[in-house]
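Q: First, the structure itself, so that you have it in front of you.
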Amino acid sequence: MQSSTYAVKGNAAFAFQRRTFSSNRSATSTGIRFAGKKSLATTGPLYCSGSKAMGAKLSRAENGIQSVMSFSSVKARSVRAQASSGDAEEAIPLRSEGGKSSGTVLPFVGVACLGAILFGYHLGVVNGALEYLAKDLGIAENTVLQGWIVSALLAGATVGSFTGGALADKFGRTRTFQLDAIPLAIGAFLCATAQSVQTMIVGRLLAGIGIGISSAIVPLYISEISPTEIRGALGSVNQLFICIGILAALIAGLPLAANPQWWRTMFGVAVIPSVLLAIGMAFSPESPRWLVQQGKVSQAEKAIKTLYGKERVVELVRDLSTSGQGSSEPEAGWFDLFSSRYWKVVSVGAALFLFQQLAGINAVVYYSTSVFRSAGIQSDVAASALVGASNVFGTAVASSLMDKMGRKSLLLTSFGGMALSMLLLSLSFTWKALAAYSGTLAVVGTVLYVLSFSLGAGPVPALLLPEIFASRIRAKAVALSLGMHWISNFVIGLYFLSVVTRFGISSVYLGFAGVCVLAVLYIAGNVVETKGRSLEEIELALTSGV
């Protein structure tokens, strides 16, 4: 989800097994391409942030979290899983010959995005609340315990991201959402009512488990139920709502100055969307893909009718049933992900999130307050609002371009822009000839970096992963990639300050620019374009090497 990049206190911290067809037949499936529909766009993780002070606050482990998304050039250099024909689906472009569908996926995408809002909110809520809860719990002078309160969310998210895939495979997507609401709600309640540091840490740990699960299942569910033409756009909604959640947390902290006890309300209100998520998923259709894989054809019929309209039920049920009968392979286990058959494509998912983390978003957002102050912007809220607005704007633009330009193109553009922005930031700190304009250049570099990040590096990975993974490994592979994402976040948070202290922020920025250049080279040679392709077609291309 979002899975994704996001911010905490200064850091903006998915067809089926085998499918046959005849050349004179057009097939339709979930992840359907509807004729005549215009494409919209996509998303993945992005950064919204509230950046406050430096130094001591980073040492409190207020780590940045990056979280919580035209196959015309699938060449030898593209990612190809070394798979047997057992994964290859003989699929053709999936089109619907009929008129306008009587079904709709939008309300159910909206329900799923409650998980994205909670993802962002729990990431950002500690920003303004930490100082006040620390005083209330008697740990105002204990930065170690404050660090544990912040970092417990990361630890829980790591556990949750690995757990989410297994739960989604076993219980289904919608039931997993309902299960996910439990730690989200309980965690929020414990934080709001905590009278001790121990209770607060347990609450943050539970909330972290909840957002870790959300980071895996929100993009998975949206990708599996979305029509092909707008899968990118709907996938980007996930990331947009993560950002909205973070901004909501920032706004929720405004009354703190007048009411120091308001921090409890800030944590407590997160119970409401958790309950709404559980209730909403009780009325949402399960992924037809998962239902067919489980042999629940009658339930798949109902889901297809709800999502795509009754006029498509007969054809879809026939096609999906044929696909299910054609597959004799069991669900993949965790060790299958590391087999020669799947490892190349799985490694791409992990690499994208690693590049996302190592590209410097945490550093840029963390130092944004200092950068803005150097340009005369003294308000922390104004600095946070500028970074957040840049992120929202960039994500909105990415949503409008995702199904037009494509995922790979946006990734290349994004990392290229980030490299140039990092170079500008580095020069603004060291080049004496630019000393008179250093503040302005630093602000421009920061805003351009956040905009570039939100165009691709932030939103695309969480969308691309469910698209490139074969159906039998999809849930677990997404979970594994997101697990690596959370782990790398945690490690970077631990060592970032010491690296800056030793080498200086300018040198670190230059190093980040180098990482962005490496990311461009890696993406150009290893990432496939998935724009306008059904999940079935993508799986065929990746596994057959065509």
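Yeah, the Cβs are placed from backbone N, Cα and C, and that goes for glycine too.
Values in this document were obtained by computation on a predicted structure and should not be read as measured data.
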Q: Which one of 179-200, 201-222 shows up in TrEMBL as transmembrane segment?
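A: From TrEMBL, the annotated transmembrane segment range turns out to be 201-222.
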Q: Does the transmembrane segment (201-222) come near the transmembrane segment (345-369), with 3+ Cβ pairs under 8 Å (pairs 6 or more apart)?
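A: Contact absent: fewer than 3 Cβ pairs fall under 8 Å.
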Q: Quick check for me: are there 3+ Cβ pairs below 8 Å between the transmembrane segment (234-256) and the transmembrane segment (262-283), leaving out pairs under 6 residues apart?
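A: These two stretches do touch.
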Q: Between the transmembrane segment (477-497) and the stretches 409-429, 441-465, 503-524, work out which stretch tops the count of Cβ pairs under 8 Å.
A: 441-465
